[in-house]
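K.L.:
Sequence annotations record features per position, and here TrEMBL assigns transmembrane segment to 12-35, 41-63, 75-95, 101-119, 131-151, 157-175, 187-207, 227-246, 258-273, 279-296. Positions annotated as domain 'EamA' by TrEMBL: 15-145, 157-296.
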Amino acid sequence: MKTTQDKPSLWMLGIAFAALYIIWGSTYLGIKVAIETIPPFFMSAARFTVAGAILYLIARVTGAARPSGAQWKNAFTVGAFLIAGGNGTVCYAELHIDSSMAALIIASSPLFMTFMGWLGGVQKKPTLNTWAIVSGGLAGVATLVFSGASVEMQGALWGYVLMFAAIIFWTYGSIFSKRNPQTINPWLQSGMQMFCGGIVSLVAGLFLKETGQLDLAAISIESWLAFAYLVVVGSLLGFTSYVFLLRHCSPSTVSSHAYVNPVVALFLGWVLLGETLTWGGWVGSGMILLSVFFLLQENRKSRPVKA
């Protein structure tokens with residue numbers, strides 16, 4: 001495995017983006033099924049500590065150097081925001097909202113990334129066109145949330161608040177990672193971030209007293225299978241692709257996975273869980289996805305500034 005940041009081939013980038021687009025679209029369903037009988041933060045903690053340990057061991061066995069204390073510190077910060085803050089909060093939010101609704105709200109992340117990326121110094125100042133696109137996308141988010149878009153989960157205000165908190169956590173973690181690049185094996189880096197994020201998720205679960213909700217004997221076979229899928233596919237393949245792309249692409253371009261994820265999540269939620277949307281949900285969803293599409297076109301016109 002290479003530890004340099006050589007420019008990857010187009011087919012490597014294509015595979016990585018495909019993993020984000022399709023795999024992460026299905027993880028919303030996986031999370032929903034897993035947390036039916038497993039407390040959310042404990043589920044996230046187990047998922048990422050297991051996946052992180054596997055990636056770390058693979059990297060070390062195949063020749064990656066032992067990470068320094070500074071690299072562990074960086075991994076802890078990124079893992080705390082991306083894994084515990086971003087993914088863990090999504091898991092908790094899905095106790096209150098549908099999996100497809102969670103995916104649709106996450107679809108607005110490129111809009112937040114554009115503004116916060118500029119403030120964080122990893123992207124250029126948004127143009128007037130960009131501000132107009134972002135405003136349209138945020139209007140779509142408002143339409144999605146306040147129109148009672150989820151038929152079966154209307155009024156789940158707490159779930160919506162948690163989802164937007166997750167976006168902020170994830171965006172900050174992505175920007176921090178971009179501003180603090182590490183000359184380190186990407187598999188090793190991903191494993192470290194997952195493991196650290198899993199530990200933070202465990203602490204969050206203990207703080208929320210999830211021990212009283214955990215009953216190993218009561219965990220269903222469906223939840224176990226969903227958990228295994230999240231570990232192997234969602235974490236080992238998906239998150240590694242995300243970190244790999246952050247090393248070679250702008251934050252807004254990488255976050256474009258949110259454009260396709262909702263389509264996959266909507267389809268799977270409808271087919272397997274019977275989740276549906278009202279007219280407000282479809283209108284808001286369309287506004288968000290169109291805004292993300294035009295935002296990506298706008299971002300291609302200029303290169304992001306270097307951190």
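The backbone N, Cα and C atoms fix where each Cβ goes, and this holds for glycine too.
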K.L.:
So what's near the transmembrane segment (41-63) in sequence-distant terms, Cβ-Cβ under 8 Å and 6+ beyond its ends?
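P.N.:
Sequence-remote neighbours of the transmembrane segment (41-63) are 1, 31, 34-35, 79, 83-84, 87-88, 91-92, 185, 187-188, 190-199, 201-202, 204-205, 208, 210, 214, 227, 230-232, 234-236, 239-240.
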K.L.:
Could you give me three numbers for the domain 'EamA' (15-145), the DSSP helix, strand and coil residue counts?
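P.N.:
Result for the domain 'EamA' (15-145), in helix, strand, coil order: 104 helix, 0 strand, 27 coil.
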K.L.:
Out of 101-119, 157-175, 187-207, 258-273, 279-296, which stretch touches the transmembrane segment (227-246) the most, going by CB pairs under 8 Å?
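P.N.:
Maximum Cβ contact count belongs to 187-207.
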K.L.:
Answer yes if the transmembrane segment (75-95) and the transmembrane segment (157-175) have at least three CB pairs under 8 Å among residue pairs 6 or more apart in sequence, and no otherwise.
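P.N.:
They are in contact.
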K.L.:
Write out how many residues of the domain 'EamA' (157-296) are helix, how many strand and how many coil, based on DSSP.
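P.N.:
Across the domain 'EamA' (157-296), the residues distribute as 116 helix, 1 strand, 23 coil.
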K.L.:
Please indicate, using numbers and ranges, the residues of the same chain that are 6 or more beyond the transmembrane segment (157-175) and have a C-beta under 8 Å from a C-beta there.
P.N.:
77-78, 80-82, 84-87, 89-90, 92-97, 101-102, 105-106, 108-109, 112-113, 116-117, 120, 122, 145, 246, 251, 254-255
